[in-house]
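Asks: Attaching a single structure in C-alpha cells format; questions to follow.
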Amino acid sequence: MKVLLIHSDYLEFEAKQKTKIAEDTDILNGKMEECLTVFMAVEKEDEENPQNVIYNTVDEIIKTAENLKINNVVVYPYAHLSSELSSPKVAKEVLQKIEEELKQKNYSVLRAPFGWYKSFKISCKGHPLSELSRKITTERKEEKGETEAKDRPKNKFYILDGEKGEEGLKELDEKKVKKLKDKGLKSVAMHEMGIKHGGKEKDIEPPHVKFITEKEICDYEPSSDAGHFRWYPKGKLIRDLLQDYVYNMVVENNGMPVETPVMYDLGNKAIKEHADKFGERQYRFKQGNKDLMLRFAACFGQFMMKKDMYILPKHLPLKLYELSTYSFRYEQRGELVGLKRLRGFTMPDMHTVCKDTKQTIEEFENQFWMCLKTGDDLNTPYSTIFRFTEDFFEENKEWFFKVAKEYKEKYGKDVILELIPERKHYWVGKVDMAVIDSFGRPIENPTVQIDVESAKRFNIVVHDGNEKTYPVILHCSPTGSIERVLCGLLEKASLDADAGAPPMLPVWLSPIQARVIPVADAHSEYALSVAKKLRENGIRADFDDREESVGKKIRNAGKDWVPFVIVIGDKEVENNILTTTIREKSTLKKPVKENLTVEELIEKIKEETKGFPYRPLSLPLYCSLQPIFR
C-alpha cells in the first residue's frame with residue numbers, strides 16, 4: 001500500500017464518470033474541511049495479507065491524525081501512486097474496511113468512490129509535517145496494549161566512565177540525562193531516548209544552510225528532485241579533497257577500492273530482502289518488467305562481488321571500499337535539511353570480511369580508532385555511542401571496557417552504551433559518532449557495524465578445506481557521508497563564531513588558502529609575483545585586483561574565510577616581507593598579524609597541511625576574473 005497524507009484546509013471532489021471497475025455508490029461528491037486527506041493505492045503485494053495492510057494503514061493514519069490533532073479523515077483512492085496495483089476487488093474491500101475501522105475509532109470519515117474519474121480541489125497547509133508519504137507493508141505491527149509488546153523488554157541506556165570499568169556504568173533515565181555535563185553526550189542521549197529537546201525549534205534553518213550558498217559551496221538544484229544539490233567549483237574542491245582523504249586513509253588500512261552500480265534489480269531475492277530492511281525510504285521504479293531501486297549504500301554491489309569471490313582464511317580480514325557516488329534515500333520532504341538530511345549523497349563505505357569473533361573485535365577496534373582520527377583531523381570532536389545486543393555484550397564486555405578505558409585516557413570523555421535485549425537488525429553491535437550542531441543536536445557521521453546476517457543472505461562464504469563458513473562482515477564509514485562531514489564542519493564554524501573566533505575550514509580544505517591584496521597599483525606587480533609564487537609552490541592563492549578599497553578587499557577575504565590574508569604596501573615591497581593576517585590565531589575583534597617572508601609563509605602553510613591531500617584551485621588567479629555563482 002502506498003499512501004500520501006496531506007494535512008488539508010479542505011478537500012472537495014466530484015465523481016464525473018464511471019470506469020469498468022467502478023463501485024456502485026450514491027456519494028458522487030463531497031467536501032471535508034480541516035482534515036487529513038489520505039490518497040491511497042492498494043498494491044499487488046497487499047493481496048498476500050489484506051487484513052494486516054488494513055490494520056497498519058489505519059494505525060499510520062491515526063498516528064498522523066493524533067500528531068496533527070485532527071479528527072476528520074478523507075480516504076481517497078489514487079491509483080497513480082503505484083505501478084503495481086492490486087485487483088479492483090481487493091482494493092475496494094481494503095478501502096471500505098479502512099473507512100469502517102476509522103469510523104469505529106470515532107473518526108469522521110469521507111471516502112471518495114473507487115473506480116470513478118473524479119475532479120478534486122485541495123488546499124495543503126504547507127507546514128513541515130503537512131505532506132507525508134508512506135509505504136505500508138503486510139508485516140503486522142503491534143498495538144501498544146498488546147501483551148507481547150508489553151512484555152517485550154526495552155532497550156536500556158547507560159553512561160560509562162571508562163576509567164572505572166564496569167563500576168563506571170550507570171543506567172540513564174530522563175532525569176539523569178538532563179543532568180549530564182557533557183553537552184555532546186547529553187544531546188546524543190536525548191536524541192536516542194526520545195527526550196524532547198529544549199533548544200531551538202526544528203523548523204529554524206541551521207547556519208550551514210546559509211553558509212553553503214553564501215560561500216558558493218553548493219545549493220539545491222531546482223530542476224531535480226528535492227534534496228539534490230549542485231556543487232560549485234569551491235564546493236567541488238572541498239568535496240574532492242574529503243574524498244581523497246578517506247581514500248588515502250582506507251588504502252593505508254589495506255582497503256581495496258572497487259566500483260559498483262548505483263541501480264539494482266529487486267527480482268534478486270537477496271537484494272530485495274536487504275532493501276526491505278530499510279523500509280520505504282528508497283527510490284524504486286519499474287523499467288520494462290523489472291522492479292529496480294537506486295542504492296542507499298554500497299552494500300549491494302560489494303556483497304554481490306564478494307559472493308563471486310573465492311575467499312580463503314589467509315585473505316582475511318578482506319576489505320573492499322567504495323565511495324558511493326551517489327547513494328539515494330527518499331527522505332520525507334519536510335525532513336530535508338541542507339546537507340544534514342538530503343536524498344542524494346556521497347557515502348564512503350567499506351565492508352570487511354572477518355574470520356571469527358576474535359578477528360571481528362580486533363578489526364572493529366582498529367576501525368573505531370580510524371573513525372576517531374577523522375574527528376581529530378577535521379577538528380570536529382565526536383560524541384560516541386556504542387550499541388550491543390545483550391548477548392554480544394555479555395560475551396565481550398571485558399574487551400568493551402578496555403576500549404572505553406583507552407578512549408577515556410586519550411579523549412577524556414565518557415561514552416553512551418545502548419543495550420538491546422534481542423537482535424532486531426542485521427548487526428549485533430555498532431558504534432556511532434556524532435558532531436553536535438549549532439542547535440545542540442547530533443549529526444551522525446562515522447559508524448562501524450558488526451553484521452551477522454548478510455553473508456548468509458548473499459551466500460558469501462569462506463573456503464577452509466572442505467568446509468564453507470559464513471563470515472562476519474563489518475560495515476564502516478570512516479567519516480559518514482561527505483555531505484554530513486561538510487555540514488559538521490560548517491556547524492562547528494558557526495559555533496566558533498558564537499564563541500568569538502573567526503569561522504573557517506581547516507587550511508587543507510580551504511578552497512582559497514591565501515589571498516594577496518595590493519594597497520595601490522604601485523604594489524600590484526610585487527603582489528602578483530607573490531601570488532604566483534604561492535601557486536607555484538602548491539598553495540591555493542589568488543590576487544585581488546578588483547577596483548575596490550583595501551578595506552573592502554580585506555572584508556571580502558574575511559567573508560571568504562581565507563586563512564592567510566597578505567596586504568602589500570610600500571613597507572612590504574621595500575623590505576621584501578609579507579604582512580599576513582592569520583585567521584586561526586585571530587579573534588573576531590582582534591586580527592593577529594605576522595611579518596613573514598614568502599618562503600616562511602609557504603613553509604607555514606605546508607606545515608599546516610602536512611599529511612593531507614592537495615588539489616589545485618580551478619578558479620582564476622585574478623579575483624576580477626572569478627565568476628560569480630550566487
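Glycine is treated like the rest: Cβ placed from N, Cα and C.
According to Swiss-Prot:
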BINDING   Cys299, His351, His475  Zn(2+) binding site
REGION    1-137  region 'Editing domain'
REGION    207-506  region 'Catalytic'
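Could you tell me the structural context for the features on the list?
Replies: In sequence order, His274, Asp349, His351, Ser454, His475 make up the list of same-chain residues 6 or more apart from Cys299 (Zn(2+) binding site) whose Cβ falls under 8 Å from its Cβ. According to DSSP, Cys299 (Zn(2+) binding site) sits within a helical segment.
Averaged across the region 'Editing domain' (1-137), pLDDT in this predicted model comes to 92.
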Asks: Residues other than Cys299, His351, His475 within 8 Å, Cβ to Cβ centroid, of the Zn(2+) site?
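Replies: Here the nearby residues are Ala297, Ala298, Gln302, Phe303, Asp349, Met350, Gln449, Asp451, Ser454, Ile473, Leu474, Cys476.
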Asks: Rank the binding-site residues His351, His475 by how many other Cβ atoms lie within 10 Å of each Cβ and give me the one with the fewest.
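Replies: Each of the binding-site residues His351, His475 was scored; lowest Cβ tally within 10 Å is His475.
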